[in-house]
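One structure below.
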């Protein structure tokens, strides 16, 4: 929905990182040796004094044990953060496990995850709702007859204005969402986000002109831009470590469900051309429900801790994970803060030497995700199936949506077992093969009789591959690898890359297809997928099984 050796391997930087970690190991080792020597000296001194003063040996033994325990506790506590960072080098980090067993949670995060995922449903729904409604929008709003707007194709211009308006709004929303999440908190930003989502849906449903439709879609875009960054951020910060991968995948699952619902909602359009207004209007309901649900949800304990609201953070932890986890989580939060009194990160901090390498990984993952062609498939699957000769194009698109949901369900069961990196590499590999199949189905004359079937199979295989990793992993991985100080803004920046590339695809995809042909475009998508596999293999490191605080300690250098 990252400054370091943990998330990335920087060319030429391995020696510096290795040297620094080696020095830290020497320092930690020296501190252990010094404190151990002090304990031994204390024991010898006490024994001498006990002989001289005639003190009871049992009494002195108890005092020595108490003193030794205090020193060892001090050493263990101060060395914990150092040991995590000292081990965070190259491939060693892949096998790094949690430093201590975790207390089982008695609280439940599921109701709050469900409330947040209403934003994910709206995200997917508003992406897919225009797919089947474009033709009916054109007739109802008079676009097809408007010679000023239509150019060579009224429907093409409508796509550019209506689809791209929401994507432009989403770009703005993704950046502003991080600012509001840092200033107001996660739950209040959710409530605020419901306003453009509901208002935009209402304007779209009641539009009598192109201008009012564009304004409605722009507002909706702002809303889904905010939620696209906010939902994975909130879920990652309230999820227990042991199921964070699974719950993080739920975000993508509900996006897929939203897309599927939008595609299915378009089925009555053939019998009722004005049904498109209902399709846009019903999105008001989940927006209101999201606002109500988040108004009663606890805010992120990590955000509350950052704001110095320690009692509220403890209350949130108790509600989310149970009272037995309060001490453990508060300890981890204090350790991850590293005693720092740093001011809240600004946008320029994301490009500092401390953070820019890991931030670039986040931006690259979303860039690859979009340039691999997923939204071109979602937006224009109906047109592709129609050109391939498939009669029930809306039903075929609904089948694609179902494949997306099924693949994401499978991914949710594997995320905390197989890990993020292996899934996303497998995903992009499958997408490359699927896009190659699609390209050949439109090129090889020998396959012409089967082009419709191959187009359907290739698209379904592509969507299944996408939903196994390329879809859910970026939104899950980014909140994990970004330090808490920059998390909201860095996630927003990465999602901004998502929406900028999404906007470009929505605006120019059909024009590029008309110029170069669908086969060439799909071949280009396949090449992007191959490049993504190479990049991920070299730059992304596994994060499963570790708390956000442990990851932050490993990734963020002390200041």
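Heads up, the Cβ atoms here are built off N, Cα and C, so glycines get one too.
TrEMBL lists transmembrane segment at one of the ranges 247-269, 316-338, namely 247-269. Where the transmembrane segment (394-415) meets the stretches 247-269, 275-296, 422-442, 490-510, the count of C-beta pairs under 8 angstroms peaks at 247-269. When Cβ-Cβ distances under 8 Å to the transmembrane segment (490-510) are tallied for each of 109-127, 190-208, 247-269, 454-478, the top count falls to 454-478.
Taking every recorded stretch in 158-181, 247-269, 275-296, 422-442, 454-478 and counting its Cβ pairs under 8 Å to the transmembrane segment (109-127), the highest total belongs to 247-269. Under 8 Å from some Cβ of the transmembrane segment (422-442) lie the Cβ atoms of residues 365, 368, 372-373, 388, 411, 414-415, 450-451, 454-455, 457-459, 461-462, 464-471, 473-474, 477, 517-520, 522-523, 525-527, 529-530, 532-533, 536-537, 540, 542, all in the same chain and six or more residues away from its ends. Below 8 A, the CB atoms of the transmembrane segment (190-208) and the transmembrane segment (454-478) form no more than two pairs separated by six or more positions in the chain, fewer than 3 in all. Residues of the same chain lying 6 or more positions beyond the ends of the transmembrane segment (247-269) and with a Cβ under 8 Å from any Cβ of it are 1, 109, 113, 116-118, 120-129, 131-133, 136, 231-232, 235-236, 239, 275-276, 279, 282, 378, 394-395, 397-398, 400-402, 404-405, 408-409, 411-412, 415, 467, 471-472, 475-476, 479.
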